[in-house]
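I'd like to ask you about the structure that follows.
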């Protein structure tokens, strides 16, 4: 016995299924959780469905984990570059240039830098080749790796004073300070400038 009586019913079913697959996990903005398509008729929020609970648990775990991570931004333009498990100050430093040694498997959570090309430097024992990482926004060199970008490496090095630390609490304070103070009628409150000379 066939599930569909005609070809049109089968085509409509396939189109509907394809539409569900396309929209599953779709985000209307980067901060959205994403659309969750559940194939179980009993799996809904009123019944405390498994997929709803799983999504809430995963979101809570992500927030708890991200709160412990340390964000580093470019010292020149404040663009986000690195997310680490431990502070840079606790990582070992190279004797040659004072760069902090980052274990890419253990310490690094997220790297958002552009490839900055190759730099050849003279050292006491010969030459050193650095494959550099630059800030994506202002092109400042923030670190480097000892081998080419295509090869796997255990370590990368962050140049001293190239990055500034921003943890979750500092980011929240900065965001709060940037908010515009509005009165009840929706007009902006502007403080008078006292540093200008009278005209």
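Note that Cβ sites are derived from N, Cα and C of the backbone, with glycine treated the same way.
So TrEMBL lists these for the protein:
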- 190-199: compositional bias 'Basic and acidic residues' (COMPBIAS)
- 67-171: domain 'STEEP1' (DOMAIN)
- 167-199: region 'Disordered' (REGION)
What does the DSSP secondary structure composition of the domain 'STEEP1' (67-171) look like, as residue counts for helix, strand and coil?
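When I sort the residues of the domain 'STEEP1' (67-171) into the three classes, I find 9 helix, 51 strand, 45 coil.
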Averaging the per-residue pLDDT over the domain 'STEEP1' (67-171), what integer do you get?
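Per the prediction, mean pLDDT sits at 90 for the domain 'STEEP1' (67-171).
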